[in-house]
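**Q** Take this structure, written in structure tokens, and hold onto it; I'll ask about it next.
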Amino acid sequence: MAAMATSSLRSIPSNTWLHKFRPRTSIPSRSFTTLASLSPIENTENIQLNVTVPSTSNNNNNDKSNKSFFPKRGQTLELVCESLAFKGKGVCKVADTGFVLMCDRALPGERFIGRVTRKKDNFAEVKKLKTITPHFDYVEAPCEYASHCGGCKTQNLSYEAQLKAKEQQVRDLVVHVGKFSDHEPEFAGAMKPIVPCDIQFHYRNKMEFSFGPKGWVPAEQLQEKSTEGCVYALGLHAPGFFDKVLNVNKCLLQSDPANEVLAIVQECWRDPELGLSPWNVYSHSGFLKHLMLRTGSNVETGLPDLMVNFVTSSDNPEYLKPLVEKIATIPEAVSIVNNVNTSIGNTSVGEKEYTLYGKSTITEILRGLTFQISANSFFQTNTQQAEILYKLIEDCAFLKGDGSEIVLDLFCGTGTIGLTLAKRVKHVYGFEVVAQAVADARQNATLNCINNATFIEGDLNKIDSTFASNLPKPDIVITDPNRPGMHIKLIKFLLKLRASRIIYVSCNPATCARDLNYLCYGVPEQNIEGHYRLISLQPVDMFPHTPHIECVCLLELR
């Protein structure tokens with residue numbers, strides 16, 4: 001996805017502001033980096049790509065032209081999006097100066113009018129107000145909520161263009177954050193093309209919808225939907241808001257049976273005779289908090305099985321009986337449960353759980369194994385693409401085939417990765433901080449008659465010098481951390497352990513790039529020496545139409 005040769009930025013309605021933006025003399029530039037200089041324990045949730053912005057520190061002219069390089073909060077501008085940054089925000093730059101403006105939902109090639117909403121030293125955030133000309137690779141979004149829902153931000157960008165953007169984002173992050181040189185043949189050979197997802201819709205096996213006391217309506221639809229904005233809502237949170245719910249009647253990412261259940265609930269839950277009320281995040285009142293829908297596979301037939309989970313604020317499951325009776329008419333609905341969460345927080349995990357209809361669990365089949373899934377189990381959200389992801393992990397393991405290897409599975413969750421390898425290795429040792437996930441992993445091992453897998457509850461961010469000292473040295477380490485990546489304590493442990501291979505599975509390429517840098521090049525300021533070399537880095541698109549990217553990285557001991 002080529003960047004635009006030039007960028008347009010001008011004030012609306014006139015272009016006089018643009019002239020103020022142009023410097024009268026050449027000005028040195030400096031690199032804008034929010035990750036490369038981070039310490040190993042800093043939060044990296046807001047990492048952006050490296051871009052170049054003007055520096056005025058060496059300019060002795062403190063006149064208006066010096067200040068005009070930076071747009072003001074509230075200013076309305078005409079912009080052209082050049083590319084996509086990590087997390088899917090559009091990158092726009094001021095003509096001649098390179099000052100960066102980040103805009104949500106702006107796509108490459110799109111010319112639009114935007115308003116500066118937030119100003120920082122090195123970049124500004126912009127809200128798109130109106131598109132003047134559409135972006136490159138434009139396609140019609142099939143979902144009616146695509147323009148406003150927080151989920152599918154790139155649904156109107158062709159899938160081929162989405163893949164190119166994601167692959168480029170991974171490459172840029174590994175170069176700028178991981179400090180790997182894209183001019184070196186070794187890195188060129190390690191960086192692999194992104195693996196596409198063959199199924200771009202109906203791929204999610206889990207969706208969570210929220211109840212709200214008042215439906216959120218986009219500003220441009222307020223007049224035509226003035227009454228709808230006043231009724232109770234069931235849907236997805238508006239982007240950036242914890243208290244606003246966009247009413248959703250159908251989601252193209254979940255299965256058809258799940259959409260049937262959503263339609264039934266939407267049709268009847270507002271009936272005053274049922275006496276059901278939505279949770280209010282301000283008054284901390286109301287009964288219905290969330291509707292979670294999970295789709296699995298029937299082990300005997302291979303057909304979809306559906307779990308419906310109502311999350312409520314109080315212990316009154318009998319209130320849900322009318323909804324349960326209607327949902328039970330759908331053949332795929334084999335499990336209806338109620339999680340009771342009395343806290344004022346937004347979590348879906350309850351202190352109590354009732355089975356209202358059918359079974360308390362559903363099953364899923366992954367790489368020949370059967371996994372039992374409860375309402376609060378963690379499981380890969382895209383089952384079909386998880387098959388491909390786990391095959392890539394197995395390929396990176398380079399198992400000898402004689403069952404002699406020891407595998408250390410870090411952040412193992414419910415044990416899905418380790419268990420898929422267990423029958424080909426000597427033993428799998430999994431570590432996970434969530435107690436319920438560890439219990440599920442042990443149950444899944446028993447369910448699949450696997451006796452050479454041990455799952456241990458423990459916080460990998462709080463390990464000490466005795467961590468894993470009572471276990472045999474592993475031949476292979478698999479680490480699948482959450483978005484913040486690995487703590488420096490764990491990095492030090494792995495560098496001291498010196499396993500032959502590390503397979504790093506990442507859902508956040510920014511923190512992945514940082515950790516790869518530490519493992520390969522060390523942390524000089526802490527006198528930590530790196531001991532690995534990057535053999536392969538494989539991006540995988542697990543979630544089409546979203547900014548999320550998965551990566552499978554293979555590191556070998558030098």
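Every residue, even glycine, has its Cβ placed from backbone N, Cα and C.
Nobody curates TrEMBL annotations by hand; they come from automatic prediction.
From TrEMBL, for reference:
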{"type": "DOMAIN", "residues": "70-130", "note": "domain 'TRAM'"}
{"type": "BINDING", "residues": "GLN380, PHE411, GLU432, ASP480", "note": "S-adenosyl-L-methionine binding site"}
{"type": "ACT_SITE", "residues": "CYS507", "note": "active site, nucleophile"}
**Q** Counting Cβ atoms within 10 Å of each candidate's own Cβ, which of the recorded positions GLN380, GLU432, CYS507 comes out highest?
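**A** Counting every other Cβ within 10 Å of each candidate, the maximum falls on GLU432.
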**Q** Could you give the Cα-Cα distance between GLN380 (S-adenosyl-L-methionine binding site) and the residue listed as 'active site, nucleophile', in whole Å?
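**A** Distance (Cα to Cα, whole Å): 11 Å.
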**Q** Restricting to the chain of ASP480 (S-adenosyl-L-methionine binding site) and a gap of 6 or more, list residues whose Cβ falls under 8 Å of its Cβ, or answer none.
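**A** Listed in sequence order, they are ASP409, LEU410, PHE411, CYS412, GLY413, ILE417, VAL505, SER506.
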**Q** Rounded to an integer, what is the Cα-Cα distance in Å between GLU432 (S-adenosyl-L-methionine binding site) and the residue listed as 'active site, nucleophile'?
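**A** Cα-Cα, rounded: 17 Å.
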**Q** Count up the helix, strand and coil residues in the domain 'TRAM' (70-130) according to DSSP, in that order.
**A** 3 helix, 34 strand, 24 coil
**Q** In whole Å, could you give the widest CA to CA gap in the S-adenosyl-L-methionine site formed by GLN380, PHE411, GLU432, ASP480?
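**A** Site span for S-adenosyl-L-methionine, by Cα atoms: 16 Å.
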**Q** From the centroid of the CB atoms of GLN380, PHE411, GLU432, ASP480, the recorded S-adenosyl-L-methionine site, which same-chain residues not already listed sit within 8 A by their CB, in sequence order?
**A** PHE378, ASP409, CYS412, GLY413, THR414, THR416, ILE417, PRO481, VAL505
**Q** If you draw a 10 Å sphere around the Cβ of PHE411 (S-adenosyl-L-methionine binding site), how many other Cβ atoms fall inside it, taking every protein chain shown into account?
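**A** I count 20 other Cβ atoms within 10 Å of it.
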